[in-house]
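Features reported for this protein in Swiss-Prot:
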type     : residues : note
SITE     : Tyr19    : site 'Important for substrate specificity'
ACT_SITE : Asp79    : active site, proton acceptor
SITE     : Gln80    : site 'Important for substrate specificity'
SITE     : Glu164   : site 'Important for substrate specificity'
Amino acid sequence: MQHDASSLPRLILASSSRYRRELLERLRAPFDVVTPEVDETPLPGETPSATALRLAAAKARAAAERVRAPHGALVIGSDQVATFDGLQIGKPGTHERALAQLQAMRGRDVEFHSALCLYDSRCGQTQIEDVVTRVRFRTLTDVELDAYLRAETPYDVAGSAKSEGLGIALLDAIDSDDPTALVGLPLIALTRMLRAAGYPLFDAPASAADGANGQ
């Protein structure tokens, strides 16, 4: 059964990340990108999972407020927080902090909480899930870590390693139920949520190449 695009809810990705955009394009459904403005500072005493879930929901709702859609919108929000030894590892922001993160994590097991939220503006319903990925980092030298950072500048990602790029060379093992979660957009969970929201996955009205056009 072919669906009329004009009657479907608008699919929105609440993220400026090109990696999340590339992942969503795999579903071959049209979507638009809206960059949310959300303070990503963890709350005092907040667990890594709680931080990721709260921010994913906040991003989805912030983007939804900026969207006009006659037939409603399904807004995808996501956030990722890394943790080891009970400490949250966020986005480093600078080369120095990124190097310190990688030095602390080498040879260690680290958990990445990839939170996903699907907000349905038609009814106000929210589906939300935290997909956990366990990663073991290789024991690399300071020279190797510094060279990686200068090559890929991963200062805007939790844990200072882009597994979708050269950062895969920092890792010794990955344990996850969803291979896309570590990149930041768990597609297995997302497709489950979209189906629950009644969005057609196998007869989408247009290819992803027609989407991602901004607001």
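Including glycine, each Cβ sits where the backbone N, Cα and C put it.
If you check the recorded positions Tyr19, Asp79, Gln80 against Glu164 (site 'Important for substrate specificity'), the ones with a Cα inside 10 Å of its Cα are Tyr19. Look at Tyr19 (site 'Important for substrate specificity'): DSSP puts it in a helix.
Taking only the Cα positions, the spacing between Gln80 (site 'Important for substrate specificity') and Tyr19 (site 'Important for substrate specificity') is 13 angstrom. Reduced to three states, the DSSP call for Gln80 (site 'Important for substrate specificity') is strand. Looking at the residue listed as 'active site, proton acceptor' and Tyr19 (site 'Important for substrate specificity'), their Cα atoms lie 13 Å from each other. Counted over every protein chain shown, other Cβ atoms within 10 Å are most numerous around Asp79 among the recorded positions Asp79, Glu164. Taking a C-beta cut-off of under 8 angstroms and a sequence separation of 6 or more, Tyr19 (site 'Important for substrate specificity') has the following same-chain neighbours: Lys162, Glu164, Val183, Gly184, Leu185. Annotation note: Glu164 (site 'Important for substrate specificity') sits in a coil segment as assigned by DSSP.
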